Amino acid sequence: MHMKTVLILLVLALATIFALVCVLLTRGKAPSTCQHQPPEEEDPDDSQSLVFADLTPEELAQVVRYLQGNLGVQLVDASRAKPSDNCIASVDVQVPAKAEVLRFLDGGGARPRREALAVLYFGNQPDPNVTEYVVGPLPTPVYHRDVTVQKYGGKVPYHRRPALAVEYKQLAGFLKSQVFPTAPSFMRQVMEYDGANLATLTAAPRGFQSGDRITWFVLFQNVSGFFVHPVGLEVLVDHSSLDISRWAVSRVFYNGQYYRDMVQLESAYVQGRISVEKVRKAPRDGDFSSMKPRAPAAALLPLQYEPQGPRYSVRNNHVLFQAWSFAFGMSVTTGLRLFDIRHKGERVAYEISVQEALSVYGSNCPGGMSTRYMDGSFGIGRYTSPLVRGVDCPYLATYLDVHYLAHSQVSRVSKNALCIFEQNLGSPLRRHYSNLQSLYYGGLVNSALVVRSIATVGNYDYVWDFIFYQNGAIEGKVQATGYASSSFLHGDGLRYGNRVWEHTLGTVHTHSINYKVDLDVGGVKNSLVAHDMAFEMTRAPWSPEQQIERPRLTKKVLDTEDQAAFRLQSKMPRYVYFAANSKNKWGHQRGYRIQITSSAGDHIPEASSMERAISWARYQLAVTRRKEEEPTSTSIYNQNDPWTPTVAFADFINNETITNE
C-alpha cells in the first residue's frame, strides 16, 4: 500500500477515535442545565412545561425559610427532631388545578401561580397533628394556607405520620442502649452481639387498631444483603409516646417462641429452657447474598450506539421524540410522573403517574406475617437511587439529577436519578415478505423512547419505565429486583415460602402496583367503550341448508363508575378504550385502548379491618369521574393507620356518570 495512503488512513482513524472519545466523554458528564437538542427540532413548549416542574433547590430553600419565619412556632430540623418537636417533613411542588393549567396551555390564559406543598409534623402542641400547607407564590413566598381539612375532611392525627429517618435512628438507639443490655448472656452467646453486627428491618402497619404505633423489628446479620440473613430474634416496640424515655418493649420473639420482654428471654436462656438455633456467622460480603459477580465475564456485552446522535431532545423538564412530547417530574412520595403527553401535537393524556406499590407478606414469624408495605408512605421518589451508566440504563442515555426535600430542612440531590434513552426493540414494527403473486419485502425498524427511574425502597429495587412507541402506544412498566424479604426458618415455615439458605425462609408475598392515567383523547370529554366478540349462527347465503358460526363485534358504552370498575380475576371485555367525541375519516370514534398485560394475585379479603386503605387493589381497572378533590388513590397516612384510612379509593366509586367526562 502506498505510504501516503497509509498515513491518510491513520489520520482518519485517529480522528474517528478522537471523535468517539469526545462523544463518550461529553455524554458521560453529569447533567447540565444545557441539555442536548437536535438543531432541526424546535421545542416551543419547553417553557410551558415548567408549570409541572419539580421545585429547584433555591425554591425549596425559600419555602423552608418562609415557614420558619411565618408559622409562629419553633421548627426543628427534621433530621434531628424528636417526636415531640415541630418539623417540616417534606416539601414538594403543588401542581395547579387541571382547569387552570389547560387555560394556560391551550387558551392563552395566565400562567398559574407556582406553589409548594409542605407537610409539617406538629408534635409540640396540645393537639399533635400533621398539617399540610400550600405555600406561594414562588420563588418568593408571601402566603400559606392550611389545606388539610379541605383535602382529608379533618385534621390528620399525629399517629398516622410516616416515620422519619431520625425516628428509626432513635428506635435503633433504644434497642441498643435500653433493650439488648437486659439480655446480656443471650445477646453475647447466641447473637454474638458486639454493638454493630445486627441490622433491623421494620414491619408495617404498626399494630391492630387506630392510634397504635407498635412495631415489630426483625433482626438480621449486618452484612451485605442483610435482608436474607435473619437471626431468629424479633422485638415488638411500643413507640406511641412522644416521650422517647417512655418507649417500651411489648413482646419478644425468638425461634418460634414468644416472650414478655428481653428479661424473660434472658431468664429462659440462662435456665436452659429455650431451643437455641445458632446461626453461622456470615462474612461481611454476605456470602451467598453478595452482589459481587460469581465469575468474570467471558466477553464484553453488546452496546447500543446512536450513529447520528440522539433523536430526542430534553430541555428543562420537557421531552421531544419523533411525534411525542411530554413533561416529566418526580414526586417525593409517589415517584415518576408525566404530564401533558402529546402525539403529533395533540394531547392524549394529561397525567400518567405512579400512585402506590403494595406488598403483602406471609410468614410464621410476627414481623413477616404482619407486613403490608405501602411504599408511597416511605417515599418512592425520596428513595430514587443514582443510576449506573451502562448497567441501569444504556451508556449513551441522558441522565438527569433529582432534587428533593424530605426528612430534613435542607434539600438533597440524587445524581443521575432519571434516564432517558431510545432503544432498538430488536423486532420490526411491521413487516411483510411477499412470496405470492409478486415478490417483495417491506419492513420498519422498531424503536421506543424509555423514561426510567429506579427506587430502592428497603430490600426492593423498583425499575419504573414509561415507554413511548412509534405507533402511538404508551406503556407503563415496573420490574422488581434487589433482595427478597425473608423470615427465620422454623417450625411449619415451609407453608409460607421456600428455604433459600440454612435458616432463611423466602416468604410468599404479593406485589400490587397502582397507576393514575388521566386520558384526554381528542379533548377532555371522553366515553368508555367496551368492544368484545360473540359468535352468531347464520345460514350460508350460498348454501342455505348449511350453518356457519361467525364472530361479530359487540359494543357497549360503560356509562357509570360501577360499570367501569373491573374486579381482580373478573373477565374484562376484549377491548376497553377511551373514545373521543370526534370521529376519524372512516366514521369510527377516535380512541385509546387500555391494555393490562399483567395482574396481581389475590387481594387481601375485604373483611379485613385494613382493606379499605388499599381498596384500589381490588380492581385490575377502575375508571372514575375526575375530581380535583380526588387527586390520588391513596395517602401516605394510610400505612400507619389503615384501620381508619385517610383516603379510601373505594369511596371514589359511587356510580357517578363517566360518559363525556
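Note: Cβ is positioned from N, Cα and C throughout, glycine not excepted.
Under the heading active site, proton acceptor, TrEMBL lists ASP375.
The feature active site, schiff-base intermediate with substrate is assigned by TrEMBL to TYR460. Listed in sequence order, SER359, ASP375, ALA480, THR481, GLY482, TYR483, SER485 are the same-chain residues six or more apart from TYR460 (active site, schiff-base intermediate with substrate) with CB atoms under 8 A from its CB.
According to TrEMBL, the domain 'Copper amine oxidase N2-terminal' annotation covers 62-143.
Residues annotated as domain 'Copper amine oxidase N3-terminal' in TrEMBL: 161-256.
Look at TrEMBL and you will find 304-661 tagged as domain 'Copper amine oxidase catalytic'.
According to TrEMBL, the feature 2',4',5'-topaquinone maps to TYR460.
The signal peptide feature in TrEMBL is assigned to 1-19.
Take the CB of ASP375 (active site, proton acceptor) and look out to 10 A: across all protein chains shown you find 23 other CB atoms. Secondary structure of the domain 'Copper amine oxidase N2-terminal' (62-143) per DSSP (helix as H, G, I; strand as E, B; remaining residues coil): 18 helix, 26 strand, 38 coil.
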